[in-house]
Amino acid sequence: MTILDSIILGAIEGFTEFLPISSTGHLIVASEFLGLEQNAINKAYEVIIQFSAILAVIFNYKDKFSIKKIDLWMKVFIAFLPLAIIGFIFSTQIKELFSLHVVAVMFIVGGVVFLIVEKFFINEDEKTIYEVEAISLKQSLIIGFAQIFALIPGTSRAGSTIIGALLVGLSRKASAEFSFLLAFPVMGAVTAYDLLKHYKDFSEANLIILGVGFVTSFVVAYLSIKLFLKFLEKFTFFFFGVYRIVFGVILLLFFN
């Protein structure tokens, strides 16, 4: 991996992690395009850029990381549990799903779901929840079950949680923000596990590349969160649905 590769992958991770378009899917495609192998060193790199994306959430939502918000974080934890349990039980089977074909198909499926939800299930005027603090434990759990679909490569963790949140009555902005906060325990757990698994793969030889990826991912993720919320003030998720379908079709045509 070169420094340019590190910048490209760091930017892709930072930009896509919190959007409903699957950061994992984009990283898999980008790695294939750049000719990068899925070896231990490159896996360690992915751990670093995921960790920096987590920090972007903390910096964007410093006011949420307070003892006064314990009720909110209890709901976030409830939403985290289904994915944690299912992911742990079926970890081996999930790893076997990683392929460009699966990613492409799930891009298309996710895009169609977004279009259907936007067309038939959302009327922003009827939404009753505009702040993440107002979400109930039951709604949190339902969102958590929706997040299970993110275990399939190409589905998108953000996409599945946002769809779940929209269907239980959150506004578009509140759905996105709850997805951001839910990323903290999910990505935190995954990153901690991967760090323990790959810590021996970190060496002085690739510290510069790791550092470049870390900074790039953090800066882009920080800006991406802000731009995404601005986007949702004027637009719907229709664009993301169309993008997912087009991207998935392109993958099927050119990588199969």
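Along the chain as shown, the residues are counted starting at 1.
Glycine is treated like the rest: Cβ placed from N, Cα and C.
For 1-21, 39-59, 70-90, 97-117, 134-154, 176-196, 205-225, 235-255, the entry in Swiss-Prot reads transmembrane segment, with the evidence type sequence analysis.
Among the stretches 1-21, 70-90, 134-154, the one making the largest number of Cβ pairs under 8 Å with the transmembrane segment (205-225) is 1-21. At the 8 Å Cβ threshold, with sequence separation of at least 6, the transmembrane segment (134-154) comes into contact with the transmembrane segment (70-90) through 3 or more pairs. Proximity of the transmembrane segment (97-117) to the transmembrane segment (39-59) is not established, fewer than 3 Cβ-Cβ distances being under 8 Å for residue pairs spaced 6 or more apart. Note on the transmembrane segment (70-90): residues 64, 132-133, 135-137, 140-141, 143-145, 147-148, 150-151, 161, 178, 181-182, 184-186, 189 of its chain, located 6 or more positions outside it, place their CB under 8 angstroms from a CB of the stretch.
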